[in-house]
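If you look up TrEMBL, you'll see 29-57, 69-91, 111-132, 144-167, 197-219, 239-258, 278-296 marked as transmembrane segment. Positions annotated as domain 'G-protein coupled receptors family 1 profile' by TrEMBL: 48-258.
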């Protein structure tokens with residue numbers, strides 16, 4: 001009987017240590033993935049932002065597209081400023097910069113994602129207006145107009161979004177000062193769930209509409225210039241619009257689709273939380289868009 005007890009205890013300890021080592025291996029793999037993704041975003045995004053800044057300084061025109069690109073440089077730079085702090089945390093596994101700053105760094109990924117999404121949508125819509133010749137050229141005739149339009153978006157973010165994120169983010173749970181980016185207890189509130197579902201549906205619908213419209217336009221263009229399609233500038237202009245939509249589909253959509261599942265199963269396993277972090281980190285790769293614009297000569 002004693003032997004049986006010992007044997008049971010041994011099996012139990014073995015199982016626990018296997019669970020622990022699995023969790024440890026899992027967290028090691030997840031850390032490695034997160035460090036890799038954010039490092040790529042930091043390097044590529046940083047080079048892209050610097051190169052694009054030089055391109056923009058040389059340009060005198062301030063079209064809507066240029067204005068959107070200026071805003072993208074700003075919003076990407078804000079995110080890239082917070083990335084080294086994330087990398088430090090993933091490498092050291094301890095947050096040393098106090099909780100308010102953790103909230104700011106954590107919120108920045110979300111602010112960056114939705115502002116980038118917004119600037120993409122505005123740029124696409126205006127380029128399509130030009131295509132359908134509703135406007136010959138949507139230029140801001142005075143630089144003031146471009147600055148005012150951009151300022152309106154940023155003021156909205158600063159006045160409405162940032163304070164709400166700062167005061168409401170991470171409020172319902174008790175969080176440890178040395179652990180960052182773990183605010184999943186918020187998702188147990190019905191209002192937070194509802195907001196998340198609304199955003200997920202909105203992003204998914206807008207993405208489908210953008211993709212559908214762009215395909216429609218490409219078909220229209222290819223019918224119009226069927227013989228000399230590849231040498232026609234209009235065709236390539238529309239193909240370049242696809243870069244924006246591809247970034248949305250590759251970087252932003254997976255996070256939102258996974259999040260719909262994650263919200264329902266947030267209490268099931270801690271592994272989901274790691275997967276959510278990885279999908280969220282993919283959104284930072286949208287910083288590579290500027291590099292792709294510079295390299296593709298657009």
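Glycine residues also receive a Cβ, built from the backbone N, Cα and C atoms like all the rest.
Small disclaimer: the values here were computed from a predicted structure and weren't measured.
In summary, the transmembrane segment (69-91) does not lie against the transmembrane segment (197-219): fewer than three C-beta pairs, each 6 or more positions apart in sequence, are under 8 Å. On the 0 to 100 pLDDT scale, the model's mean across the domain 'G-protein coupled receptors family 1 profile' (48-258) is 80. Between the transmembrane segment (29-57) and the transmembrane segment (197-219), fewer than three CB pairs separated by 6 or more residues in sequence fall under 8 Å, so the two stretches do not touch.
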